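**Q** The structure follows.
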Amino acid sequence: MIRCVSCGQVYNDNDIVYRCECGSILEAVINVDVKKEVFSSRKNTMWKYKEFIPVDENKIVTLQEGATPFCKCDKLGKELGINLHVKVEGSNPTGSFKDRGMSVGMTKAIMLGVDAVGCASTGNTSASLAAYAARGGLKSIVLLPAGNVALGKLAQAMFHGAEVLSVDGNFDEALEMITKLAREKYLYLLNSINPFRLEGQKTIGFEILEDLGWQSPDRIILPVGNAGNISAIWKGIKEFYNAGYVENKPMMTGIQAEGSAPITHAFRKKSKSITPVENPETIATAIRIGDPVSYTKALNAIYDSNGYSETVSDDEILNAQKLLARTEGIGVEPASAASIAGLKKLVEDGTIEKGENIVCVVTGHLLKDPDTAIKASKEPTKIGASYDELKAYIQK
Ligand SMILES: *Cc1c(COP(=O)(O)O)cnc(C)c1O
Ligand SMILES: [Zn+2]
């Protein structure tokens, strides 16, 4: 069943609803009774946790998402005085964690018998939607904010055959437009307001707990844009905790870009509601969102877990992106680096204690945004096709 997170109103799994009548957002409620030992005998994708994912397992639309690398980062951890693991979501089929949610969302679309799906996107949702719609054999339409989508993401959305529309406006405006189209039943909406998307994304939380040998880290840090992912991971953690698989839960720590930080602003006031940011700005286009749909769930996740929220500047993001790439070999897009930038800031101001066990979720691959990577790098040095010239250069 589907339930309103604010008033508790219940809806049927097959109702196509995106919001409760009270205006708040919905979540899927599941009922599971399974021993954790069954998971290890299965093929290693996020679908090994299928009992926790409320769709028909005979209709799954999958590109074998999930089971992403969980890298221990001793050099960076030592520098910061903590124990650090990085969950590398850029290793999903289209290069971001959005694939987990899209696999479940597209499966739901097939179960409902719709013929078209759509989303508004800062880039990665559209890349994922286009690929999974192709896989599921559905038409897809995506709205992108003109001029603010990284090149790799745009290439993916177009190449997988989505109908791509560039909106002269920001993400929040594009989302409002496509939501209206969905409410009038022209398409099935696969933005993260769709509760089934989060049922896929919560498997990041499942994997972290299993990766750590059925232990909880002290803290999970991740970038926050539309706030679906932090909500989803917390839901997954709570489900495994309630199932008795682990004895503790992590502090959920959401990082936002300074120019686009309604959740952090609310957190600082200990508020349960947000004031939307009118013209969100940041180089991290994936989190350039002023009016996050899942703010209620995200703030609940932060408060209920005794977590935290902080902002980072674009410079801090770019420095962290480079730091992670050069000390650990992990290449991520700018938004993803917000988690590392936030980690650094919170260690420096003492919010994070020495010796904490920390997992940073890095959400998308470096190649999603090649322009930013090239701009931040030294250009290749030009030499002739001559060994002497090469040797002279190396000896310099
Ligand atoms: C979508 C996205 C985010 C933000 O996730 P939300 O669920 O919107 O908070 C962060 N990083 C990347 C790379 C993304 O694609
Ligand atoms: Zn309600």
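Using the three backbone atoms N, Cα and C, a Cβ is placed for every residue, glycine included.
Straight from TrEMBL, here's the annotation block:
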BINDING   Asn124, Gly225, Asn226, Ala227, Gly228, Asn229, Thr363  pyridoxal 5'-phosphate binding site
DOMAIN    61-364  domain 'Tryptophan synthase beta chain-like PALP'
MOD_RES   Lys98  N6-(pyridoxal phosphate)lysine
**Q** Compute the C-alpha separation of Ala227 (pyridoxal 5'-phosphate binding site) from the residue listed as 'N6-(pyridoxal phosphate)lysine', stating it in Å without decimals.
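**A** Given the Cα positions, Ala227 (pyridoxal 5'-phosphate binding site) is 12 Å from the residue listed as 'N6-(pyridoxal phosphate)lysine'.
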**Q** Which residues does Asn229 (pyridoxal 5'-phosphate binding site) neighbour through Cβ under 8 Å, counting only same-chain ones at least six apart?
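**A** Those within reach of Asn229 (pyridoxal 5'-phosphate binding site), by Cβ under 8 Å and sequence separation of 6 or more, are Phe97, Ser192, Gln201, Ile204, Leu222, Val361, Thr363.
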**Q** CA-CA, which of the binding-site residues Asn124, Gly225, Asn226, Gly228 lies nearest Lys98 (N6-(pyridoxal phosphate)lysine)?
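**A** If we rank Asn124, Gly225, Asn226, Gly228 by Cα distance to Lys98 (N6-(pyridoxal phosphate)lysine), first place goes to Asn124.
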**Q** Of Gly225, Gly228, which of the binding-site residues has the most Cβ neighbours inside 10 Å?
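**A** Output for this query is Gly225.
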**Q** How many Å separate the two farthest-apart Cα atoms among the pyridoxal 5'-phosphate-binding residues Asn124, Gly225, Asn226, Ala227, Gly228, Asn229, Thr363?
**A** 14
**Q** Helix, strand or coil at Asn226 (pyridoxal 5'-phosphate binding site), per DSSP?
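**A** It is coil.
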**Q** Hey, what's the Cβ neighbour count for Ala227 (pyridoxal 5'-phosphate binding site) at 10 Å?
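**A** Looking across every protein chain shown, the total is 26.
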**Q** For pyridoxal 5'-phosphate, what surrounds Asn124, Gly225, Asn226, Ala227, Gly228, Asn229, Thr363 with a Cβ no more than 8 Å from their Cβ centroid?
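**A** Result: Lys98, Ser192, Pro223, Val224, Ile230, Ala286, Ile287, Ile289.
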**Q** Give the mean pLDDT for the domain 'Tryptophan synthase beta chain-like PALP' (61-364) on the 0 to 100 scale.
**A** 97
**Q** At 10 angstroms around each C-beta, which of the binding-site residues Asn124, Asn226, Thr363 has the fewest other C-beta atoms nearby?
**A** Asn226
**Q** Within 10 Å of the Cβ of the residue listed as 'N6-(pyridoxal phosphate)lysine', how many other Cβ atoms can you find? Include all protein chains, please.
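**A** For the residue listed as 'N6-(pyridoxal phosphate)lysine', the 10 Å Cβ neighbour count is 35.
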